[in-house]
Amino acid sequence: MTVEKHALPKLPYALNALEPSISGQIMDLHYNRHHQTYITNLNNALTTHAEALSTGNLIKQLELQPAIKFNAGGHINHTLFWEGLTPVSSGDSDLGKAAPNLHQAIVQRWGSVEAFRAAWEATALGIQGSGWAWLVKSPAKDGSTLEITTSKDQDLPATGKLAILGIDMWEHAYYLQYWNNKKDYVNKIWDVLNWKTAEKRYLGDVRAIYGDLAGLASRL
């Protein structure tokens, strides 16, 4: 049985391009070590699962589900995270200019960009332990509804909620630079959020959000 091998996505910017919001040192550790570890563990788990499937070992298949879910989630969440960041010099971190449709929807939902930002930052800082703070959309017959939500560890946003942008609140995302000052990290990351990508996700479907990882995401 052929098993698809996952690999690190190519970053659309240099490791030090998000400074001073995110240091090159943290990017190197986060991308090349942490993200790569999720991918390595995912590939190993999928290979072992395929072997268990071919031999009909149901118990082994079930035992592997937590590892597949955790590491696949880590791979998908980090891929979304990298795509959701951009150097200030790109101009894509300007919400009003880069995402006019999403900007309008945010103002309609929260009253102002400032109120939305405050709500998102408060949600991120309220996470206990490791997890993610997301801006998501919930497709509805009368149009998409925006929400701010969280997911624990490496879980994806809840079923039916499609990720627009996420903030990684695991310590490895900020500790080397900000130590335990999560508030400063959450404040500074705002400067490098990629609203051009967020606009495409807001206007698109599951494939527009997850891309080649849509199939993997559907398994979780």
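Glycine is no exception: its Cβ is also placed from the backbone N, Cα and C atoms.
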Site-mate of H30, D168, H172 for Mn(2+) in TrEMBL, selected among H78, H103:
H78
For a quick check of packing: other C-beta atoms within 10 Å of the C-beta of D168 (Mn(2+) binding site), how many?
25
With DSSP helix as H/G/I and strand as E/B, how many residues of the domain 'Manganese/iron superoxide dismutase C-terminal' (101-201) fall in helix, strand and coil?
48 helix, 24 strand, 29 coil
When you average the Cβ positions of H30, H78, D168, H172 for the Mn(2+) site, which other residues in that chain have a Cβ within 8 Å of that mean position?
Y31, H34, H35, F81, W170, A173
Looking only at the domain 'Manganese/iron superoxide dismutase N-terminal' (5-85), what are its DSSP counts of helix, strand and coil residues?
58 helix, 1 strand, 22 coil
